[in-house]
């Protein structure tokens, strides 16, 4: 059945900002969808609020709107563009919920827009817990005993009927948000309360606990002729109770019997038919009892999901691409398999290798968060590895996580019986470190029965881990490392570093082991991912390494450039770096064979047809060097680009160069000039530029000396980190003493992992009340091109990755911009940059200070590119390959005159706002972790607001980042520190003029009353122990108060917005309780005066709801006209 001819234009909704449970996989799926639609001659209208995505590049759609995914905005775009159809199944839960809201508001009917990919009814049946339960029953399958609740009273009745433990699952949420396992009434009330709040339909499913059962997933696709294929079965190594996104998962399934698998297939096919997904894909999760084989259907996603991306990368079967074609009316037998180019999509993929996915967590960013893994997803990223067997695949996946001590290690003394007993107790509770603890217990003598009893991980997987330990012990104890033994170690997934440690050689021994391995002729070979277990030839070069006999690499003629990706998403190194890598691949592919190396299954860069060759491999020195050596034999290699993937590839630069690998762009020595504090100080000195007073320290005594010389407050951080990890503002000796030991230990441990010499602790003068600026620029050795000058909305002290910023800057003078331009030129020249550089500055009392410089792609490059209409990373790639800025102006990649530092009257304003994951992280007693922003980055993603002026653009950024955006009326609670009280009267007057009622604590109300400003007084909250947010709460009744504290009012829904600035010492007493309650209630809250002032401007601007909606294609045309007029 050929495609439908009545659909001429399609609107695609993206997934918005990267959040836990919904990450880069939807950029991958959305990009595939846009490419398919355009290939089919269909006009594409794309809406997504996330600028750091490939799908929002202007060439991906005919009209691209970087706008909030909110019903009023979507209606404006629909009214303007008049699409024939809406495709919501490739943008995660955000797009599904947006489509449902448009349907319920009558917008789709009003503008005659058809929903394709899944109907509203199918979405409802798949997402609504009660309706889905009926579908499962009708399919002849079994659900866990369960009931629906919409209130805590109903929840209690269900608990009486079923008993504990109980699983809470909200309707219409993603990543298990608001879900959890309750073992008693207190936990049930806490989890169910959150679940009801986060569900847009105020609905939760309460079901019997099935913890410890085995968990499986099926990815299915169905066309309108009722053809169904099972793309990939996935097995969770962790049993039911840990969210699949937080579990180690494998494909194919290892512990299912053939009969069980066939039964899962039959149930899955019956469910996809029953739900009504007839032009797309879905993901279904099952639980299987380990002894009886009883099967329970857990849930489904009637859309492309995170697991779909994993299944696509694991098999080479492009689920999102095929789902888009199905939505257009094609059938599975009409769609060709791109990889074989000879089989149809109705052929189910077969794999002859093992795929393992390992999650990456960020608990270190959220002190106090409960590290227990539950049904609510907490991981921020994931890595995937392919190999010939499970042991090798697991070892590769664990080292792909790129986190200290995430691979198995046998350092130190063998655990004692007492320690083994402690470890067995610890692994009862699933945490990020469970597998490392489990291996240590095995090393110490724990039996398989003991480990199974503690974890309920299937014995098949445990046996494999026991075998890895057995091999490690053989390596450790052998007199000599024979070729046979070294190969056995490799087949067990052990890296050269792990073997070196087992042999007592430490990190330095990695080179010794590699040289020995090469002497033995023991090198990995590279196999092809072909979807058909080598039944047909693969046309696409998508490779993984393993220790087998024959390589499948093919010779090539063109010179190649190898680009190192950024690995798993994490806080501080996210999708922005994949964006720059993809741009480099796209641009350099015109003249070179591009070779991509990455291990993140969520990303566009790991799409099989994005580069000329794709290596799905860990980003470690060993793995990258082997790829380079293998590619050298296949054809000429110009070099490796390490500048685009963030800190991970950058940390390999020096060792790769020392091993004879040519590094393109900025050299490792030049990178060191910017990152080594002493060397960078010399660069600034020559350029006659100011830096905050600073010192370095390798001991507490040195740190004290430096802090006293500089003067408090100081900013303390380890060297060579990304995302401000370990960074803190310190106000006195006591705080410094507490910080130093931990920070020093982290810095030294990191240097061991990255192969660097021990690096010092950096101590800077903290610039209070300064304006912070980010500058992204290109430099070719002679000419500078400013990509963008971004002014932070918050004052200095908030990490640039968490700060809101505006481009063009809103308060900088022409003279200040000139000084920024001259300073950036001097730094780029002094550091011998070739390619991208990011410099962070601060203006304090009109004195310009340089905070730091990074000679690499920064996380603001995508934002600056979208705001200025210039693909900076594409130009950077060509400069790294030896071309000049003048060449890029000539070929049209850069503006013929001027650059992104020029401000044109009438230019649209872009505001970047960060999205923070605080609602995901709770303390052991259920409170959210504190949201105070500081110098350590904690955001997972970003959005962009785009409009005619700063107030409108800022309002859009808030609407995109937070459900509902900013209120235009209602009640505002204000509590500010003593320093901020002098700015309070003007703010309060503005609030009154805008029609808000003010609520305040006694001290703040007293200040306001002196200026004749009325406010309602609320009781103050304080905790007995200032630093302990879990301490019991005492309430102090203030004179004239309403008899309630602000937390009571927030919980009663009587507060609409909060300004709560902490005192300078970061006291967490009152502020913590207020901020935690506000997170639970999803209220807009501000912890800096400057951002609250911006919010007031925004509220004033949007009271009339007159947003300007402009596509980025229209924006680029407008910019070009303004530039032409000016020059």
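Every residue gets a Cβ built from N, Cα and C, even glycine.
Quick look at what Swiss-Prot lists:
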type	residues	note
BINDING	129, 169, 175, 176, 208, 210, 215, 241, 242, 243, 285, 299	ATP 1 binding site
BINDING	285, 299	Mg(2+) 1 binding site
BINDING	285, 299	Mn(2+) 1 binding site
BINDING	299, 301	Mg(2+) 2 binding site
BINDING	299, 301	Mn(2+) 2 binding site
BINDING	717, 765, 767, 772, 797, 798, 799, 800, 840, 852	ATP 2 binding site
BINDING	840, 852	Mn(2+) 3 binding site
BINDING	840, 852	Mg(2+) 3 binding site
BINDING	852, 854	Mn(2+) 4 binding site
BINDING	852, 854	Mg(2+) 4 binding site
DOMAIN	681-881	domain 'ATP-grasp 2'
REGION	1-402	region 'Carboxyphosphate synthetic domain'
REGION	552-962	region 'Carbamoyl phosphate synthetic domain'
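Closest by Cα distance to residue 129 (ATP 1 binding site), from the binding-site residues 299, 301, 717, 767, 840, is 299. In sequence order, 144, 145, 146, 162, 166, 167 constitute the residues six or more apart from residue 208 (ATP 1 binding site) in its chain with CB-CB distances below 8 Å. Secondary structure from DSSP puts residue 799 (ATP 2 binding site) in coil.
When Cα-Cα distances from residue 852 (Mn(2+) 3 binding site) are compared across the binding-site residues 242, 717, 799, 840, the shortest belongs to 840. Considering only the binding-site residues 215, 242, 301, residue 717 (ATP 2 binding site) has 242 as its nearest partner by CA-CA distance. Taking the binding-site residues 242, 767 in turn and counting surrounding C-beta atoms within 10 angstroms, the largest count is reached at 242. Looking only at the binding-site residues 215, 299, 852, the densest Cβ neighbourhood within 10 Å occurs at 215. Taking the C-alpha positions, the distance from residue 285 (ATP 1 binding site) to residue 767 (ATP 2 binding site) comes to 51 Å. Note: the Cα of residue 215 (ATP 1 binding site) and the Cα of residue 299 (Mg(2+) 1 binding site) are spaced 11 Å from each other. Within 10 Å of residue 854 (Mn(2+) 4 binding site), counting C-alpha to C-alpha distances, fall the following of the binding-site residues 767, 799, 840: 840. Recorded residues residue 767 (ATP 2 binding site) and residue 242 (ATP 1 binding site) have their alpha carbons 44 Å apart, per Cα-Cα distance. For the pair residue 242 (ATP 1 binding site) and residue 840 (ATP 2 binding site), the C-alpha distance works out to 40 angstrom.
On a Cα basis, residue 799 (ATP 2 binding site) lies 36 Å away from residue 301 (Mg(2+) 2 binding site).
The DSSP secondary structure for residue 129 (ATP 1 binding site) is helix.
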